[in-house]
């Protein structure tokens, strides 16, 4: 028995609880065993007992446990332990990260979690959902400019047009602003409007939705000019008049000539949360500014007449003193403020792990139903054991060996049951890190041909991880959770749950069995997607690939 000083939060968190230690690298049978910590009365120290473990030189050399009390030598083989269940831990031919891994063993006595699980960079990720993407203005700044009748530049994603539009509130347009739009834009001036206003003005779609062959299915209506106060309809003054007439709640169908020089667009209800386009972004910004739901938008062109891309847009914005914002930031801004789910039903549900209360939540955005399994009483909502699990049909239902999803789900439910209090939120629509079941199976074929899980998605032209956790955060808030011990290996999930009035007070790692089928997958998640598998030397065992991708299947 050796005495150590639990100055590290990792040791303090594990005091009095058995843990499993696995030496990094090629794991040998001799490396498996257990380490028990127990507090010393009237002392800040704890005793540590090694059982069934061949002590490695790196234990002492690397200082895996703080303090100088450890005295074992490099070749010591401590007594075998019968309490270790081999099927719960990596096998002899497994390959793990080079860092040491500490895995808490859960008992009915309670649950402790690792505190220093992610780097400061990971902890800061998306904590403030109002913080703009680097190089962009904040959405709140753009809203203020919209309120003042100013133009802003809105940029969409590279997977769409990757272009910038000049946008302003239609109700505040002036001939001078319109002249600026015509000068630096394509000349095709659009006004995005809600469906009820288009119906009120009898402005039908140019083509039926199912016949729309435009690349992004932009919903153009018939074009118009205002009858009163215009001449040809093409001048900046005439176009401003038409826009003002469209934005007026008092306008009538007979106030317009058809066709004309202004292109009304149909806004999709739900805005950027439903469709991440400029049409939806412009109306969302107008409404967030407290103005009528109509906005002017026009694509910005470069000096040679080509579409201006982001580098040129930044130069243009600085020269003209315009704010530039991204639709991605607007989506995050709205996700923080809009109610995304509604509780639809609740029932007692007996599971193989024990009885829980099952809560069904329906997304108000897409109608997808999600479920939360609640064990015990949430009470004050502090320190609740939580798992936010992404749907994986192949792993969760059919036990696919390609991933560790089913194992993580079962382990999380077992931990919650033993702790006697906790929540598992099961998010549907997250299949294959958001790419869907069909694409996931296509990615599997590419993995069989030699790609890893990241490369396969990229070869299919799909994002490495497109999941959002705002719905999960809102479900937790509705259930009364305020602070949580999060069961995850994924830094992106840590960041994705911050910013919704929730705090994360610790992490519980989920280290599942490694097999010949999922070994490369798990290693790719570590090296390219930033996953953390336990704690070493008081620091997170964490690497982020050069592409910065982060995710958990």
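The backbone N, Cα and C atoms fix where each Cβ goes, and this holds for glycine too.
Residues annotated as region 'Disordered' in Swiss-Prot: 70-90.
The compositional bias 'Polar residues' annotation in Swiss-Prot covers 72-85.
Under the three-state DSSP scheme, residue 165 (D-ribulose 5-phosphate binding site) falls in the strand class. Under a cutoff of 8 A between CB atoms, and with a sequence separation of 6+ in the same chain, the neighbours of residue 165 (D-ribulose 5-phosphate binding site) are 153, 154, 278, 282, 297, 298, 299, 300. What Swiss-Prot lists as D-ribulose 5-phosphate binding site is 160, 161, 165, 275, 276, 277, 278, 279, 299.
Feature annotation from Swiss-Prot assigns Mg(2+) 2 binding site to 161, 278; the stated evidence is similarity to another entry.
What Swiss-Prot lists as region 'GTP cyclohydrolase II' is 337-553, and the listing cites similarity to another entry.
Among the features that Swiss-Prot reports, Zn(2+) binding site is placed at 392, 403, 405.
Per Swiss-Prot, active site, nucleophile is recorded for 467, and the stated evidence type is similarity to another entry. All protein chains shown were included, and the count of other CB atoms within 10 Å of the CB of residue 467 (active site, nucleophile) stands at 24.
In this structure, of the binding-site residues 276, 392, 403, 405, the smallest number of CB atoms within 10 A of the CB marks 276. A separation of roughly 13 Å, to the nearest angstrom, links the Cα atoms of residue 392 (Zn(2+) binding site) and residue 467 (active site, nucleophile).
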